[in-house]
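Going by Swiss-Prot, these are the annotated features:
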{"type": "BINDING", "residues": "141, 178, 179, 187, 211, 212, 213", "note": "ATP binding site"}
{"type": "BINDING", "residues": "248, 260", "note": "Mg(2+) 1 binding site"}
{"type": "BINDING", "residues": "248, 260", "note": "Mn(2+) 1 binding site"}
{"type": "BINDING", "residues": "260, 262", "note": "Mg(2+) 2 binding site"}
{"type": "BINDING", "residues": "260, 262", "note": "Mn(2+) 2 binding site"}
{"type": "DOMAIN", "residues": "104-287", "note": "domain 'ATP-grasp'"}
């Protein structure tokens with residue numbers, strides 16, 4: 001099988017592991033910087049070039065598209081899709097996952113529970129908007145933030161209003177959510193491949209913080225996701241159209257709540273903590289999916 005990996009940096013851990021896993025299973029693997037890809041779109045067909053040469057014959061493509069190049073990267077991925085290349089995470093699914101508001105709407109439509117979320121545009125509605133959420137603490141999130149950036153905890157109603165008004169002044173899109181205190185700064189990252197959770201880890205926020213992201217100083221340990229948590233994680237990925245996803249849950253009194261569905265989850269943390277060859281699981285999924293589509 002001929003596999004392309006859309007990545008701007010071949011030295012990143014996740015990219016290197018996917019290369020290793022693909023080649024170990026006998027496949028040809030090539031890294032394509034999405035920003036060096038360019039395309040021709042016409043009624044008579046789609047074509048893609050890379051550094052002066054046409055790109056053809058790929059059976060599968062693994063998108064590792066950073067948030068800063070989402071628009072162009074997904075356009076390149078979409079071109080490959082139209083050219084008949086299989087991808088576990090289609091371009092439209094990535095776009096759904098990176099718009100927090102849209103993602104939460106889609107999850108809620110499938111009956112998947114999450115922290116109560118509110119969204120509004122007009123400053124005149126701020127007080128009523130926050131009253132729909134209930135008393136603070138509140139969590140304010142940039143709609144397209146990643147890795148814990150643009151996430152603010154407000155402990156007073158006046159602080160919530162101030163942050164909301166400041167973000168509106170910057171023309172930033174954001175959502176506001178209820179704060180789940182019983183989670184105590186911990187979440188569960190479930191790594192979904194296909195129709196199952198292949199690994200799970202519990203992440204704990206650093207002292208004085210409520211964000212559990214590892215690169216912000218959080219710690220992680222291997223975890224055993226319950227059957228309910230695994231079901232919620234798989235349903236969440238499926239609701240957005242993703243076959244490979246990092247689904248972040250928190251454990252609450254009313255059950256698992258989905259915080260986010262990440263379409264480009266890093267492998268380093270989960271492989272290091274859990275000792276699971278997630279990269280190989282992704283490649284096996286590609287093999288099975290391409291075989292079925294050829295079938």
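The backbone N, Cα and C atoms fix where each Cβ goes, and this holds for glycine too.
Here the features listed in Swiss-Prot are painted onto the structure.
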residue	record	Cβ neighbours (10 Å)
141	ATP binding site	22
178	ATP binding site	19
179	ATP binding site	17
187	ATP binding site	23
248	Mg(2+) 1 binding site	21
260	Mg(2+) 1 binding site	20
262	Mg(2+) 2 binding site	20
Discussion item. Can you give me the Cα-Cα distance between residue 248 (Mg(2+) 1 binding site) and residue 187 (ATP binding site) in Å, rounded to a whole number?
Written reply: 7
Item to complete: Give, as a single whole number between 0 and 100, the mean pLDDT over the domain 'ATP-grasp' (104-287).
Response: 91
Worksheet item: Cα of residue 141 (ATP binding site) to Cα of residue 260 (Mg(2+) 1 binding site): how many Å, rounded?
Response: 11
Response to the item:
One should report the C-alpha separation between residue 187 (ATP binding site) and residue 260 (Mg(2+) 1 binding site), rounded to whole angstrom, as 11
Worksheet item: How big is the gap, in Å, between the Cα of residue 178 (ATP binding site) and that of residue 262 (Mg(2+) 2 binding site), rounded to a whole number?
Response: 20
Worksheet entry | Alpha-carbon distance [residue 179 (ATP binding site); residue 260 (Mg(2+) 1 binding site)] in Å | 14
